[in-house]
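Enquirer: Straight out of TrEMBL:
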| type | residues | note |
| --- | --- | --- |
| TRANSMEM | 205-224 | transmembrane segment |
| TRANSMEM | 230-251 | transmembrane segment |
| DOMAIN | 534-722 | domain 'FtsK' |
| BINDING | Gly552, Thr553, Thr554, Gly555, Ser556, Gly557, Lys558, Ser559 | ATP binding site |
| COILED | 602-629 | coiled coil |
Amino acid sequence: MLHYELLLSARTLLNPRQLLLRVSAALDGPQLASVLDEQVPGTRWYVGSTPLADLGTLVPGRPLLLADVPGLGFAASAGSTRLKLFVPEGPDAGAWMELERGAYDIGRGAPLRLGDPQVSRVHAHLLVDERSLRVRAAGGQRLLVLSDRGAVPVRGEVELHAGSRIQLGGTVLEVGDPARTEAGLAVEDGQLQFSLPPRPELGRLVTLCVAALVPVLSGVLLAALTGSMLFLAVTGLSALLGVVPAAQLLGERRRWKRTVRDQQRSVVQARSRFACPLGVAVLAGIDRAQLGVLPAGLPPLVFGRGSWQLPGGKPPRAGGARRMRRVPGGRRSARRIAGVPVFAPAAAQVWQLRGGDDPAVDRLLAALLARFLPHVAAGRIELVVDPSVTRLPAELMLLPHARQGTAGQLARHAEPAPGAAGASGGLGNTAAPEPVIERIFLTMLSPVRLPRTLVISLHPVPAAQCDYWVDPVGCRAQLPDGSLHLESPDCLDAGRLARIVQACLALRPDEPAPAGPPPEQARLAAVIGEDDSHGQQLLDFDADGPHVLVCGTTGSGKSEALRRIIADLAGRCSPEQLAFALVDFKGGAGLAVFEPLPHVQLSASDLDAAGAQRTLAQLEREVARREHLLAAHRCSDRSEYVRLADVPALPRLLVVVDEFRVFTESLPEAAARIDRLAAVGRSLGIHLLLSTQRAAGSLSGQTRANLNTVIALRVHDAAESMELVGSPAAARLSGPGSAIIAGPGHANREVQFALAVSPAPHGSVAERGPGNLVLHPVGSFGRPDPEAEGQALRQQVRLLAERWEHSHLPPCPFAPQLPPPQSAAPLPEQWEGAEGGTIYCGVVDNLAAGRLEDLSVDPARGQGLLVCGVPEAGGRRLLEGFARLERRILCFGEALFPDPALMPGVRTVGGEDQYQFLEALDYLESLPPDRLTLVLVHGIAWLQSQLDPAVFQRFDQALIELLRHGASAPAQLVLLADRDLNLLKAAGLCAEQWYFPLNATDSLRMSWPKLPPASQLPGRGVRFSPANGPMTIQLTAVTAKQEPNCLPGTLWPARQPFVGDGNPRDLAVGRTAFTGQAFGFDQPQTALAICPRERDRQELAAFLAERWQAAMVDGAAPWLRWVQEFEAEGAGPAAPTICVVLHDTSDPRLAELRQRTAALGTRAVLFLPPSARLAYDLGLPGMMLDDRQAIAVEACHPQDLLPLAWRPLPPAAGRGSCGKRQWRAIAGFAGQPRAIIIGP
């Protein structure tokens, strides 16, 4: 959850309200205004002078002051270098006012707002003009002017100068510039240390004294014994010779004492300057932060005033500090100095403020924090407050680098961060803490040691991990410098701390910018999320790159991290600046949503080895293209190229590979080829963004060396984390999107990735205080919607595409992704040769040209097309597509569709009906040139098994002749073959060959040429043509332009019904089964219709008699009576045709009846059963049967044809049966038997 700290100030509110918003996603101005409308209805909010509703996305973690009037800021002024009247020490330390021209009332009211109860509301009057600064006491009030000579009461007015000090009640105020004063107090670390100079040797003085005394005593003794003063004079002279060095030794002793006193004074002054008064330190820090000249180090921890035990003195009691005692006469102890600041350097240590809930603890903590607040506001150090700490002003959380957090969250920060503030100067005898700290951590719990963190705990019970402690109630402390003893702890009022925080808030950056699209940027950097302090985190491919690896387990958020990077870069960079190549080995679930962006030049998903090979080949071609482009313009890299004028655009190319491990596993040689791509990528403007679950085994050493930055999300174990980022931190990550980023030039950083696009935000609202950090829930807004995330991302992509749609798009060097099988891809409205009858079948992958070309079949070329592969690989789909065209389709093989009526343009010829097959061959051999005719051949092995060898050979020869015609060929031939490829010689003459490797066995591939890698997908294959080398193809829908004057149903000539024209000589029988060619008896005297079944004879005779308008008799006896009737005298003319149904041909009268009927001028058509003696029984001339005048009806067995020697018809259930009025028959055409259909 993201956090927003808000301070609401409105005329409708009695007091300002400080709110904490916890939200699921970043808010913009209108969204925040909607949330606040539920808290303060009807209020129009402003951020500075900008309406809240006009702001764009608001940075999480950045405090906002919202007012109902424009122009209101956090503070009137953050500080300046003007002369000030300020409080240097005490509970109101840091209170100040600028000394501008005018008259002011000084007291508990504005502008100082002192909290001293001894100060009245108006205690003194201050007058500032161009020449002087004068102050006088208010009526009945006491005002003192402080100087080195003491305190002087003010009677009337007194003029103040820089450095003047006045006292109001118990509060001292000073005139000056704290920033300049503090700058003049700078000291070096060596000045803080006291070293005792070598003492003079007292033993020499004693020796000299003893040496001088011995002669004197000897002279006195001799003088007493001898009574002579001579001995006394000599010994006295000897003693005087020792006085000179003794005097010298006494002088050295005095000089040593003077040096010690001077050094003591110097060190005390240096320490007083280093740990300057609280008010001076705070105001100087604010002024310097405003000017941007904060010192490199941090201020020390100043706990108050106390005594300093000089080196060599008696050490203090353990566990506390001894109070300094005065020697008789009021003089200081020679070994202890009182009134010195008690301090310690700010370092990564654990401190404990003991005293429980006593207010002295809170006042000391406020005094400690106040010195660091300007550094926190300026971003030099971070302030983290544990939720257990509540006794601090609520305004503290409005500082941009102050936040709430726990020790567990901070424990994950294990690496040093560059730019962290260094510790302040220390003392020579202090411990050796970490020299760099990043943050101050406050907690009420038992403290724990944290890396690069100054921990201050308010836990009342002594803790085991505590380094040092201070008890402001009992004035006891355990300090790094054991010679310091706390006597008077510092204290700062909570209200004054809140005002100091408000002054520091004016140091914050400018107010947010109004809403609008992010500006285009030259650097390739993306905002990827935030750190623990809710500060934005960037992934800069220029500074951190050029290549990045994202690694993490399943569910750790890798794909969402990639989406976040892509979405942010697409919003910041135009298509002319940045292009994407998206390679997704997870089926397109992660990156396919970005395909509508104009930045995307290459998108590939769910790739196999062939797809990976294609993608890698395109990237290598792009590398070569960029190298040639730079060489042509004599540029060493892309940065030099883009500075040229009037050159083609060359955007950066970000290659994103999701699941890179699958890439290397599907294409083993990919690792070495990626190495070269990574090596030359920086100079060519190519960046790699690789994602994988495990780096081990998927990245070569060279590739790993080129991946400068690693984003480690949650990984399996500490060993893998150590390999990726050099620490086990990545193994301890928990939530999705939490990552450790390790890159060059900076230490590891922890980042929480943001969503690519956040759905409608939801969260809670809580109010702080008043006057403390306690949170009181006041409401919630929104609700989580798991399905809204994907919709929001698609909506964001659409908006980005609309934003860049009018920008200049550089030419795309990559061929689009081949369409997937069975996709509903839109058919082109135009393609090459469309008006000339060319048939569109799919696309050709032309990687060299960077485009997909049309895959077509041009009948005008007459090259012939060989389609190789199992039928389900694409060949059957292609033939079915041809069959649906408005073309005349002659298909040799099994039926493509179960219902031929659905495809009126298709004539299917199978091998089971050899008569039909031969007729189709006749048609094929006599076919005139016609671009509307397609000849499809499939099931070659099945055809061979059904046909006689001679017929199959003739079929092969017909196809060969068709191909030899070339461009003048009467039809376009398409051969579909798999294992039966070598059965037809014509297959080897097809100039264009398409191979579909799906499910192709090794034995089948052995008969093929060597194919480049192609995906095992239906319709995916390789084309060989005379004009080009092997190229990958993908079948789509087959289509062709409709030919003019070609209407559906008119492709093949319709079979017209037989209509009698009244000509008695017309004996039309039927039509051929394939071409519909008419067959009839050519004016025979006798025609025969051999029918094996009696019922067929009767029904067929009746049907034809009706057509021919002929007479009909059933049997030899009725035939005889009919002949006799017309032979009688006076009878009319006989009918021109008579149909005679015979059931037995052994009647001896048949030959005579045939002759007598012919004599009457009547043609006799005999419907009789088969018989080997038929010619004899009928008395035919020469005992020979003329096959031109005979047909065999429904003859499905050789016995049904006797005496004819033709091939029987294939069985066909239901045909020729009663009620169908349609019969199959065999008739002779040009000496060859052919099948005909007798029917209407």
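Heads up, the Cβ atoms here are built off N, Cα and C, so glycines get one too.
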Enquirer: List the same-chain residues at least 6 positions away in sequence whose Cβ sits under 8 Å from the Cβ of Gly557 (ATP binding site), in sequence order, or say none.
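Expert: Expected: Leu713, Pro736, Gly737, Ser738, Ala739, Phe753.
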Enquirer: Determine the minimum-neighbour residue: among Thr553, Thr554, Ser556, Ser559, listed as binding-site residues, which Cβ has the fewest other Cβ atoms within 10 angstroms?
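Expert: Among the binding-site residues Thr553, Thr554, Ser556, Ser559, the lowest count of other Cβ atoms within 10 Å belongs to Thr554.
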Enquirer: Using a 10 Å radius around its CB, how many other CB atoms surround Gly552 (ATP binding site)?
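Expert: Result for Gly552 (ATP binding site): 28 other Cβ atoms within 10 Å.
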Enquirer: Within its own chain, what residues at least 6 apart in sequence put their Cβ under 8 Å from the Cβ of Lys558 (ATP binding site), listed in sequence order?
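Expert: In sequence order, Val550, Cys551, Gly552, Asp658, Ser691, Gln693, Leu713 meet the Cβ cut-off.
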Enquirer: Using the centroid of the Cβ atoms of Gly552, Thr553, Thr554, Gly555, Ser556, Gly557, Lys558, Ser559 as reference, list every other same-chain residue with Cβ within 8 Å of it (recorded ATP site), in sequence order.
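Expert: Apart from the listed residues, the neighbours are Gln693, Leu713, Arg714, Pro736.
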Enquirer: List the residues of the same chain that sit at least 6 positions away from Gly555 (ATP binding site) in sequence and have their Cβ under 8 Å from its Cβ, in sequence order, or write 'none'.
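Expert: Residues satisfying the criterion: Arg714, Pro736.
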Enquirer: For the domain 'FtsK' (534-722), report the average pLDDT of the model, please.
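Expert: Computed over the domain 'FtsK' (534-722), the mean pLDDT is 87 on the 0 to 100 scale.
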